[in-house]
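Asks: A single structure is presented below for examination.
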Amino acid sequence: MADSKPTANTHTTGSKYKKYSTLIILVVSFLLLILGMLALNFISTNRFATLTQELDVSSHQGAITQQLSKNLLDINLYVDTALNQQDNTQSTQSPSPVQNPKQTIDSQSTDLAEQSINNLDTGDIVPLSDLPQIALYKIESIQEQRDDFEHALKAFKQGGEVTLTSGETVTLTAETNPDAVKALEEMQEIWTPYLGLLDNFIAETKQGYIDKQTSDYLVDYTRLYNLALLTEANNLSSALNQQASKQTQIQIYILIVGVITAFILFFMIVFGSLRQLLQGDEKLAIARQQATDILRTVNDGLFLINKDLVIDSEYSNQLEPILGTKNIAGRKLTDILNNKINDKELETTNTFVDQLYSNWVVEDLIKELNPLQTISYNYVENDTPVQKYLDFDFSRVNKGDEIDRVLVSVRDVTAAKILQDKLEKEQAQNNRQFEMISNILSMDHVLLGEFIDNTAHRIEQINETLKNTAGNTSALHQKANSIYRHIHGLKGEASALRFTAYIDLSEAIEQQTQALLTNHNLAGDDFLPLAVHLDELMSLHQFVIELNERLHLVPTSSTHNTKSTKPITISQRNSTAYDDELKKPPQEHKPTINTQEQSQSNGSNAYFEQFAQDIATRQHKQVTLDYQWQDEGLNKQDANRLKEISIQLLRNAIVHGIELPDEREQIGKSPVGQLTLNLQREANGKYQLICRDDGRGIPYDKLKQSAINAGHITAEQAQSMTKNDILQLLFLPMVSTAEQVSEDAGKGVGMDIVKHEIQALGGKLTISSQINDHTQFSIKIDR
């Protein structure tokens, strides 16, 4: 049984090819014929090119014989003229008994020529110095023409390269054409004695003279055999021309036969294909009707996509109503889903389909990574926003061993999703309430009371801010920034108390608010989504208040009066001072309440220690906290403000200041970071809050870059900033040196909260920082 399936597949494949065997044979024959004709044409073209080059060389040989003859005749005339001049000179001069025979030769000849002439016995000797300059050029030409002719003749007989006068190099093969070989032999027979005479002549010229007898012999031979030599060169060219003509004629005959055969094969292929296509169309029409009936009646959206996610022309009738889009054939699935699902899901869909088309990926495993399972699908229909929940399923369509298409089915699961969300929301609310009850019962009651009052105050402030109307974009951004500060402070206090439900809701509000801050076209309606999360936050806090009242854990206050605050000042003592960012008083006011002393016995010690360790654990760091908190004499509101400042400074110290254990050890530090948080009352009645860490210090370059990215300064302005200017950037909104956004850092709002709280206290801030040593914030308030 295991072998039956492969056998069936093999049989099916074999039957398919057998059905088209005749057509395949015709097509292959046609292609082979075309390839053969192309190959013949290529070979013939190369041969014609070779013959053309050989004809050029043979013509060049004939030209050399004529040039050589002319140069030899001219040299002979120059020799005769020189001898006549010598005779005339001797007849007009009187003999001198002391005259040296060497003085009969021109004084401009070389020493070698004089020596050679003196050793000769004959008088028909002409020194080269007696010849005109043009004669010397012709002698050089005779040497070159002799070499060219000899080299080309050998190349024709044995093969080799020949350089023409144009500079072109021609490669010749040994000639096999009988007529051409005969012409070459005749040419060689004439050339051999001619070559000997030329060599004698050239040898004399190299000795600096020309013998009249040698020149006469060479001229006589040239007159006798020049025409015969030229005739044989022409015979060689004629033989090569005849060979080229024969090959051209043969190629024409072959091409005619090939073209006729190609037309016959082509018509056989066309008519054979048409016959088989007509038979296939009939079967295809039946199958198409069956597929159409299925697509018309199925309730799901069914369609096929290719590797580029392009939708095929056929799809089920329900697909367009489900997707809310018409005429989707030929469009990319990602184009239809664009702006209807989020960008991350859209990008993942491309990758997912690519994996489906990979033969190395198991389909059952990759289906678990389907990014379009129960997704939110949003579009506009008739000017009305529509939200659906759709579930996509992808299945491969194989053709043999290859993946041909992907079948996609999509179902509208909106009703099921709404029901599921409702159940999950109720379950989550129950879980939060249970967790809240557990946390409240185990919490310090004083801290709980402070948290309830502070949170109620923050919610009230956020609600009032949302109610305020703001005209321009700048005012709307200030409104969003105020909400951001309140919610970030709430999240910090909830994080210290491990109120997860508050943290989650605060994170959601922070994300929406941050989107508002980065919106350059901010409008009042953009704040509406915040009301949904604020309502959830108010419901959660109301539950905590009611639970506290039922359990009678701690009394709380919800009455808030306001009192003006004075601006804070900042001094410098062995550190960098800042006053520009902190000199403006905030718009918010603190409540007036009865003075109540708060002490360490209220649980602040455990509160900050737990908060620091929780952050260090999330950041994979180790810290110890040296803690003192002397808030006797401070009213409750001021103590809470100092606590809020301490929360933000502690978080920044751990996240931005303290290094990872490995980094600390590499620079010679203990793997455990040291934190100091001291609130002390001085003898003059003033209070000083110090938060110090032994970490990496303030990174000035990162601080400037973050301010540039946030749009507070330009790169040109950053280059001219002093350390004092740079440190002022700490207190600007959206400025953070964290590399990643997390629950603890990266929002760029913590130091903005510190600034506003110090303003409310009328405090004075001093900052000291040294790279890889420490960072210290010191705040003094007068109470």
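Placed from the backbone N, Cα and C atoms, the Cβ positions cover glycine too.
TrEMBL annotations: computationally assigned, not manually curated.
Source: prediction; values computed, not measured.
TrEMBL lists these features:
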type	residues	note
COMPBIAS	556-577	compositional bias 'Polar residues'
COMPBIAS	580-591	compositional bias 'Basic and acidic residues'
COMPBIAS	592-602	compositional bias 'Polar residues'
DOMAIN	440-554	domain 'HPt'
MOD_RES	His488	phosphohistidine
REGION	87-111	region 'Disordered'
REGION	556-602	region 'Disordered'
TRANSMEM	20-43	transmembrane segment
TRANSMEM	252-274	transmembrane segment
Asks: List the helix, strand and coil residue totals of the domain 'HPt' (440-554) as derived from DSSP.
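Replies: Its residues divide into 96 helix, 0 strand, 19 coil.
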Asks: Looking only at the domain 'HPt' (440-554), what is the mean pLDDT?
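Replies: Mean model confidence (pLDDT) across the domain 'HPt' (440-554) is 81.
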Asks: So for the residue listed as 'phosphohistidine', how many other CB atoms are inside 10 Å of its CB?
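Replies: A count of 21.
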